[in-house]
Amino acid sequence: MRSGKKRQHHNHHNRFHTVSHYAFFRGSPRWPASKFSLTYAFLPGTRGDAINPVAQAFQTWAPNTQFQFTESQDYRNADIKISFKSGDHGAGALSTAVVESWLMLQLLLESQIIQIILLSLLSHNYSVLAHSHAEKKSSPFKFIEHLKGCHKGDKIKGIHELKKYMEKFGYLNYDNYKNQSTHANDDDFDELLESAIKTYQLNYHLKSTGVLDANTVAKMTIPRCGVADIVNGTTRMRSGKKRQQHNHHFRTVSHYSFFPRSPKWPASKFSLTYAFRPGTRSDAITPVARAFQTWAANTQFKFSKIEDFANADIKISFESGDHGDGNPFDGRGGPEGIIAHAFAPTNGRFHYDADEPWAVGAVQGAFDLETVALHEIGHLLGLHHSSVEGAIMYPSISAGVTKGLHGDDIQGIRDLYNV
Ligand SMILES: [Zn+2]
Ligand SMILES: [Zn+2]
């Protein structure tokens, strides 16, 4: 790279000079003059969300060069071949002598820097391999993806991690079966795991087969709240047992739920104070305040912000990893996909996972502070998870998505407080 040895260009027309820092591959390999029109193709099966960003990257290069780029479906014969690979994938490790040197274009895809690396291989062909270092490092749920399709009777490496995931969110509790020979720490897809998956599928409106099918994996790989869906085996999200309400004009099916024994704030305590731990990132203040206002508008509660963190009813902070409340966070894109959690009344603690990417509003690759606050405040007030996908109390939320309160949430809070 050029930053050491500066190359100066004098521009006669514009009367300024620029300092360049670009570099070439060793031997300055380049496309022959006859080859100004290049085709590119994705390895069949490449993730669909890569197509547009890569096309945009080519479109950006095209007007600034003599090149024209056309997408082709013929991967084998394309000039430029793009694929997602992990680990050693047979092109020779990038650091070995096979690779002369490399040039990178960077583009942003779902907040992750995808590096399109133009490799000059020692072979006669040029090729492009796409490497997502960020994705490799923080690829959450890899163990789940790898288990797609597995079912009772299977013994596959990684099933014990699936068991941990199911235990974490309340679907599996081997401690209840201490007297039997159990498979808590092995890779046996046993009957308990099958039944746990069936319950999960019911809660998430999936076909309850007990098989870890593609739809189930898709749900499990969405980032989520750290509060378990089932607490002490006694609560569950509502999709299994539907609760029907008759309304004057129509009837609705509710799916909200409460914590075990339905803890709530006493009637005398309708005015709650909240405080941020001193030093909390300032961009969280306004979105969290808006979330409180939204709940206030739909409940009997009033919320006011105070500075006295120790004595506030609701305490908000960003925490990292194991932070002393028995519910450690799992880091950015961690294996459990947890991004925040909060406690049932009247505990008042609300923690964001400091290691996740946070933003205000719908920002690609980041979680919306306000949307997550709406969900966690629901817990602080006594709501548990709902299996209504549109409800704020639905357990999972994707990056780049915003949500508001849903009729199911409002019905739930009114039912809990009898208002
Ligand atoms: Zn939650
Ligand atoms: Zn916590």
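Using the three backbone atoms N, Cα and C, a Cβ is placed for every residue, glycine included.
Whatever TrEMBL says is automated annotation, not expert-curated.
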**Study point:** Recorded Zn(2+) 1 site member, picked from H351, H375, that accompanies H323, D325, H341 in TrEMBL
**Key:** H351
Check your understanding: Relative to the Cα of H375 (Zn(2+) 2 binding site), which of the binding-site residues D330, G331, D353, E356 has the closest Cα?
Key -> D353
Exercise for review: Select the closest residue to H379 (Zn(2+) 2 binding site) from the following binding-site residues, measuring between CA atoms: D330, G331, D353, E356.
Suggested key: D353
Practice item. Consider the recorded positions C225, E376, H385, M393 and say which one has the Cα lying nearest the Cα of D330 (Ca(2+) 3 binding site). Key: C225
Practice item. Using D353 (Ca(2+) 3 binding site) as the reference point, find which of the recorded positions C225, E376, H385, M393 has the shortest Cα-to-Cα distance to it. Key: C225
Revision key, fill the gap. Among the binding-site residues listed as C225, G331, E356, M393, within 10 angstroms of E376 (active site) by C-alpha we get C225, M393
Review point. Got a sec? Which of D330, G331, D353, E356, M393, the binding-site residues, have CB under 6 Å of any ligand 1 atom?
Key: none
